[in-house]
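K.L.:
Questions regarding the structure given below will be posed in turn.
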Amino acid sequence: MLSIKEATKNISQQLTTVSKTPRLDAELLLECVLKKSRADLFAYPEIQLNSSQQKTLSAYVKRRLKGEPIAYILGQKEFWSLNLKVTPDVLIPRPETEMLVEWILKNLPKDEKLRIADLGTGSGAVALAIAVERPHWTIDATDNSQAALKIAEINAKQHEIKNCNFYHGEWCQALPRRDYHAIVGNPPYIPDKDQHLQQLKHEPREALAAGSDGLSAIKIIIHEAKSYLVNGGWLLLEHGYDQAEKIMTLMQADGYREITDRRDLAGLSRMMVARRG
């Protein structure tokens with residue numbers, strides 16, 4: 001038999017080679033297997049795992065040792081205030097993507113009935129985070145992957161979010177209307193031959209890679225979005241840390257104004273905001 005304390009220590013040691021947060025990973029796996037909170041793990045470290053629990057835990061650890069992200073093993077990832085279902089059909093939501101949500105909530109009029117579009121919604125993270133905070137707004141989300149849309153719809157249903165609609169297709173072309181107050185997106189932006197892709201091999205490549213310069217999807221969105229925004233509407237795009245200057249040039253060439261670069265807590269350029277002229 002193995003206690004929670006012993007299991008946490010053993011797993012943490014095993015995962016040091018594949019994880020920057022081995023102890024947290026160990027605790028999350030134990031939470032999942034034992035169906036207990038982290039507070040319970042700390043409060044009752046002497047509790048013993050039965051043979052079935054040990055077998056399941058061992059299988060999870062083996063998957064993690066092969067580099068599979070903890071979110072896929074658990075089948076869920078927290079984003080904003082939401083616990084979202086995730087599978088290898090969708091990109092794992094990142095904390096830095098919350099910048100898109102924060103900007104929208106802070107800068108658009110709270111009490112008006114606005115229409116927002118989310119392009120390449122994946123798990124629905126951005127669309128659902130905005131929808132849950134602004135239940136009187138209408139959010140239309142698109143994705144070219146039917147499998148991803150299925151996950152997004154499951155997440156919407158799980159959180160009883162009624163003001164978010166999902167559409168299958170490429171970027172803006174899948175949208176049902178052309179009068180959005182803001183369009184947001186976290187499109188693929190990694191160059192096809194970037195070595196970083198190897199570290200992300202478990203996630204859907206089509207949600208990560210975008211041509212030789214990583215800008216193929218962003219170029220399409222910048223050009224298309226003008227026709228789907230109201231005059232003065234906003235376009236927000238997450239991008240790679242070294243792409244800001246090129247994206248700003250693309251936006252200027254397409255007639256956008258009030259173009260600003262937003263940086264993350266590390267001071268890296270992460271998001272471009274622009275307004276339709």
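Glycine is no exception: its Cβ is also placed from the backbone N, Cα and C atoms.
Dumping what Swiss-Prot says about this protein:
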BINDING   Gly120, Thr121, Gly122, Ser123, Gly124, Asp143, Trp171, Asn186  S-adenosyl-L-methionine binding site
BINDING   Asn186, Pro187, Pro188, Tyr189  substrate binding site
K.L.:
Which entry in the list of binding-site residues, Gly120, Gly122, has its Cβ near the fewest other Cβ atoms, using 10 Å as the limit?
P.N.:
Gly120
K.L.:
At a 10 A cut-off on CB-CB distances, which of the binding-site residues Gly124, Pro187, Pro188 has the highest count?
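P.N.:
That would be Gly124, with the highest Cβ count within 10 Å.
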K.L.:
What residues, ordered by sequence, lie under 8 A Cβ-to-Cβ from Tyr189 (substrate binding site) and sit at least six positions away in the same chain?
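P.N.:
Counting only residues 6 or more apart in sequence, the Cβ neighbours of Tyr189 (substrate binding site) under 8 Å are Ala210, Gly214, Leu215, Ala217, Ile218, Glu238, His239, Gly240, Gln243.
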K.L.:
Using DSSP and three states only, what is Asp143 (S-adenosyl-L-methionine binding site)?
P.N.:
strand
K.L.:
Give me the largest Cα to Cα distance among Gly120, Thr121, Gly122, Ser123, Gly124, Asp143, Trp171, Asn186, the residues the record lists as binding S-adenosyl-L-methionine, in Å as a whole number.
P.N.:
15
K.L.:
Out of Thr121, Asn186, give me whichever of these binding-site residues has the highest number of other Cβ atoms within 10 Å.
P.N.:
Thr121
K.L.:
Long-range neighbours only, meaning 6 or more apart in sequence with Cβ under 8 Å: which ones does Trp171 (S-adenosyl-L-methionine binding site) have?
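P.N.:
Expected: Leu119, Gly120, Thr142, Asn144, Gly185, Pro187, Ala217, Ile220, Ile221, Glu224.
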K.L.:
When you measure from the Cβ of Asp143 (S-adenosyl-L-methionine binding site), which residues in the chain that are at least 6 apart have a Cβ under 8 Å away?
P.N.:
Gly120, Thr121, Gly122, Leu149, Ala152, Phe166, His168, Ala174
K.L.:
Enumerate same-chain residues with a sequence separation of six or more from Ser123 (S-adenosyl-L-methionine binding site) and a Cβ-Cβ distance below 8 A; give 'none' if the list is empty.
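P.N.:
Long-range Cβ contacts: Lys77, Phe79, Leu84, Lys85, Val86, Val90, Leu91, Pro93, Ala148, Ile151, Ala152, Asn155.
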K.L.:
Distance check, please: Cα of Gly124 (S-adenosyl-L-methionine binding site) against Cα of Pro188 (substrate binding site), rounded to an integer number of angstrom.
P.N.:
15
K.L.:
Helix, strand or coil at Trp171 (S-adenosyl-L-methionine binding site), per DSSP?
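P.N.:
Where Trp171 (S-adenosyl-L-methionine binding site) sits, the three-state DSSP reduction gives helix.
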K.L.:
Excluding Asn186, Pro187, Pro188, Tyr189, which residues of the same chain place their Cβ within 8 Å of the centroid of the Cβ atoms of the recorded substrate site?
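P.N.:
Same chain, not in Asn186, Pro187, Pro188, Tyr189, Cβ within 8 Å: Gly120, Gly185, Ala207, Leu208, Ala210, Ala217, Ile218, Leu237, Glu238, His239.
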